[in-house]
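Take a look at the structure set out below.
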Amino acid sequence: MAKSKKIVAATSGSRSRSSRAGLAFPVGRVHRLLRKGHFADRIGSGSAVYLAAVLEYLTAEILELAGNAARDNRKTRINPRHIQLAVRNDEELSKLFTGVVIPSGGTLPHIWPALIPNEAKDSSTASASFNAPAKSATVKALAAAKSAGKKPAAVSSSSAAASSSSSASSSSSVAPKKPVRGFTILSKKTLHLGQTLYVVNGDLTEVRCDAVVHPTNGTMSFAGQVGGAIRAAAGAGVDAEVNSYMSEHSQLQVTKAAITSGHNLPSKWIVHVHSPNYSNAATATDALTQTIRNALTLADTKSIKTIAFPSIGSGNNHFPKHIAAQTILQAISAYFMSIMSSSIKEVYFVLFDQESINVYNAELINTN
């Protein structure tokens with residue numbers, strides 16, 4: 001009996017150009033459309049790969065933002081309205097798609113800042129929270145010091161002058177107590193109701209703003225890295241105030257927030273929050289969301305305009321950094337969308353390690 005022949009499939013040339021480029025979008029079809037459209041006399045093979053990669057990236061970016069919009073509107077499916085919200089609430093995408101009409105996407109009303117409650121009178125504090133002098137002011141200070149025969153190290157004096165002028169322009173700003181270093185603002189995002197989120201590289205205890213957030217436990221201990229720095233900078237007075245609070249309330253429940261004076265800190269207030277542990281992933285993110293909401297609600301009761309957060313949850317609470325950052329940013333955005341008005345105008349994320357900075361910069365882009 002004759003042996004059956006084995007059929008060996010040919011493997012050469014079986015992979016498409018898209019798979020070789022690591023893309024889901026069809027590179028061959030894009031190349032064919034480029035040639036058919038007569039956009040140029042010669043179309044290189046690499047141009048189709050590059051264009052397909054850009055289209056794939058933009059599609060993924062819009063879908064992610066549209067998914068966030070659908071989630072915020074309590075919808076389980078993405079519709080054209082969510083795509084419209086995603087594109088128009090992102091500064092770069094809005095510029096890219098200027099003049100583009102999204103069918104069935106509806107319209108996005110433009111709300112003038114003066115019509116937003118408390119926005120007009122609080123706009124003078126837009127950039128007075130941090131002791132970060134403008135580049136031109138720093139150059140002028142260095143030039144003045146050089147002409148006066150002083151060392152260039154006198155930049156701190158210009159910082160003090162900048163902070164004093166900012167406090168003069170805004171009566172609600174915290175008066176400078178001591179000169180501190182300038183801060184580097186790495187990225188920012190303005191929400192649709194006017195609040196601005198900043199990612200900052202610096203020291204939380206040297207921030208000049210209305211309040212700083214202290215992640216703690218049920219006893220409001222200063223044992224953590226952030227807590228130890230806050231305790232050392234604030235002084236013994238904060239211990240007495242915390243002990244007084246604990247004698248009345250016995251403990252700070254998980255997700256709850258309490259507020260004390262800043263004492264020797266440049267900030268007027270310290271908002272203590274009992275941050276949850278990442279023991280159960282299903283409930284930990286909800287608990288962290290509620291923690292952030294409680295902190296912002298308490299800040300609003302004190303008419304706080306500027307508040308600074310460290311990287312909450314990613315230390316002793318064992319949250320993965322990207323999950324903690326995503327949860328915190330979404331919680332802040334959802335809080336401002338759920339209330340009629342808020343005294344908070346600026347939220348700073350004061351970070352010192354490069355990993356946290358990279359994570360917050362990446363997540364801030366996707367916040368709407």
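For all residues, glycine too, the Cβ spot is worked out from N, Cα and C.
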Per Swiss-Prot, member of Ser104, Ser267, Ser275 binding glycoprotein alongside Asp203, Leu204, Gln225, Val226, Gly313, Ser314, Gly315, Asn316, Asn317: Ser275
Largest tally of Cβ atoms lying within 10 Å of a Cβ, found at which of the binding-site residues Gln225, Ser275, Ser314, Asn316: Ser275
Site extent for glycoprotein (largest Cα pair distance over Asp203, Leu204, Gln225, Val226, Ser275, Gly313, Ser314, Gly315, Asn316, Asn317, Å): 21
DSSP three-state assignment for Gln225 (glycoprotein binding site): helix
Cβ neighbour count (within 10 Å, all chains shown) around Asp203 (glycoprotein binding site): 14
